[in-house]
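To start, the structure itself, in structure tokens.
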């Protein structure tokens, strides 16, 4: 019965995915994933990007957020795209591959970019989803807190933190932690995010 339910969810997701207007638009316009449109909408509504920004993109694979950001910050800005998975090269984007849950890898990344002032840390990180929310949610929160830790270390004064999270157990605690570190906080759910998804975005400014 459990196997059948998982198969049903998987088939439903695949059907939705291939019928999705943003998936089709991404394919048509040589964009790496539909996540590009989420960031575009968040940016249009909140004016996140400015020319010359230095940006860290966490959970960057396959690279659609970095694709979008590189067009918005211009040649004077810099983007570091980070992920445990490999990312195909993107013009104007530096790529750092590693698992940031490993302290040595995390410290290596922080030390590598310690001389750069970052204006934006954006995180689209998510674990491999099992479909069991009691298992998935703690893993999601763990990655969110890791992104928050990185933002603490690298963000400039008035820096911006954009974080993807999910509503569920542990979210309220995470929100309180962010509220202690940032002056302005806004919770967003772009139209491009699927209606039944618990996915939300936190936009915080120092």
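Just so it is clear, glycine is given a Cβ too, placed from its N, Cα and C backbone atoms.
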Legend entry - Identity of the S-adenosyl-L-methionine-site residue among 124, 136 (reference: 63, 65, 83, 99, source: Swiss-Prot): 124
Inset, instruction - Determine, to the nearest whole angstrom, how far the Cα atom of residue 65 (S-adenosyl-L-methionine binding site) is from the Cα atom of residue 164 (active site, proton acceptor). - result: 12
